[in-house]
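Undergrad: Encoded as structure tokens, here's the structure I'll be asking about.
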Amino acid sequence: MGIRENGIMLVSRERERARRLENRESIFAEPPCLLLAHRISPSPSILPAEEEVMDVSARKSQKAGREKLRREKLNEHFVELGNVLDPERPKNDKATILTDTVQLLKELTSEVNKLKSEYTALTDESRELTQEKNDLREEKTSLKSDIENLNLQYQQRLRSMSPWGAAMDHTVMMAPPPSFPYPMPIAMPPGSIPMHPSMPSYTYFGNQNPSMIPAPCPTYMPYMPPNTVVEQQSVHIPQNPGNRSREPRAKVSRESRSEKAEDSNEVATQLELKTPGSTSDKDTLQRPEKTKRCKRNNNNNSIEESSHSSKCSSSPSVRDHSSSSSVAGGQKPDDAK
């Protein structure tokens with residue numbers, strides 16, 4: 001039994017060896033004649049020991065190759081880490097590279113956490129700002145509506161208080177009056193101006209209406225502004241030297257107009273005195289001559305004063321006109337007596 005079992009084991013070993021040899025033809029390059037010889041005449045004492053040695057050597061060589069490849073890859077990775085950390089420094093050992101990478105990772109994680117906290121704070125602040133913005137928009141719309149309501153109430157009050165408020169714009173009514181640095185003329189209606197409403201009608205003038213006498217003055221009467229405007233005019237007049245030459249002409253024209261008005265008033269008073277029923281003709285004729293001389297003296301004095309001053313006004317003509325009307329009015333009760 002023992003011999004038979006040994007024979008079976010040898011046959012099985014030979015078969016396994018044949019299979020291994022067929023699979024490893026590149027490693028164990030043996031000619032086919034030797035293989036046939038081994039198959040025909042196997043040596044059971046020598047072949048198993050050689051096979052075991054070959055298997056162990058092959059395994060060791062494969063393991064060494066794998067280890068070499070793994071170390072080469074690790075070295076490449078360490079070189080890349082060193083270049084990322086500090087490419088200018090020389091090559092360090094693996095321990096320093098690992099410590100530097102660990103420290104850098106810790107710093108990066110702390111920065112990431114800090115940025116996350118800042119992001120959350122900024123998001124909360126942005127929400128608050130958006131809420132405030134919406135509140136301000138609502139307040140703005142409410143204020144606009146209040147302003148519109150107040151404007152409507154103001155317009156309604158203007159229309160109820162003044163009849164012309166409906167036709168005029170409230171912006172025009174609220175605007176301040178313009179200030180002119182010089183006197184502006186006022187437009188008067190064309191026609192005659194009532195001078196002496198108590199005088200009787202005379203056919204000499206050809207006017208049937210006793211209260212209306214043709215006015216010798218033009219249709220525009222000079223407008224006297226307040227004192228502030230006159231002072232502004234006195235400040236602005238020296239800047240224009242051309243106005244000095246125009247002032248005497250205007251004054252002369254105004255004096256001639258006032259003299260014409262005085263002559264017409266004197267003619268009217270003389271005709272009134274020549275009417276029947278007048279007792280003292282000589283006294284009444286002498287009075288207009290005296291008044292005329294006084295008026296001329298007043299005109300000369302006013303011209304001299306105006307030449308020294310820079311103010312431009314039409315007060316002398318208005319005063320002469322008022323004095324002539326007062327003289328004429330003062331003569332009427334004497335004549336009536």
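Residue positions begin at 1 at the first shown residue.
Positions of Cβ are set from backbone N, Cα and C atoms, glycine also.
Sharing the record's features from Swiss-Prot:
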COMPBIAS  244-263  compositional bias 'Basic and acidic residues'
COMPBIAS  280-291  compositional bias 'Basic and acidic residues'
COMPBIAS  297-317  compositional bias 'Low complexity'
DOMAIN    58-108  domain 'bHLH'
REGION    235-337  region 'Disordered'
Undergrad: Summarise the model's confidence over the domain 'bHLH' (58-108) as a mean pLDDT value.
TA: 84
Undergrad: When DSSP states are grouped into helix, strand and coil, how many residues of the domain 'bHLH' (58-108) land in each?
TA: 43 helix, 0 strand, 8 coil
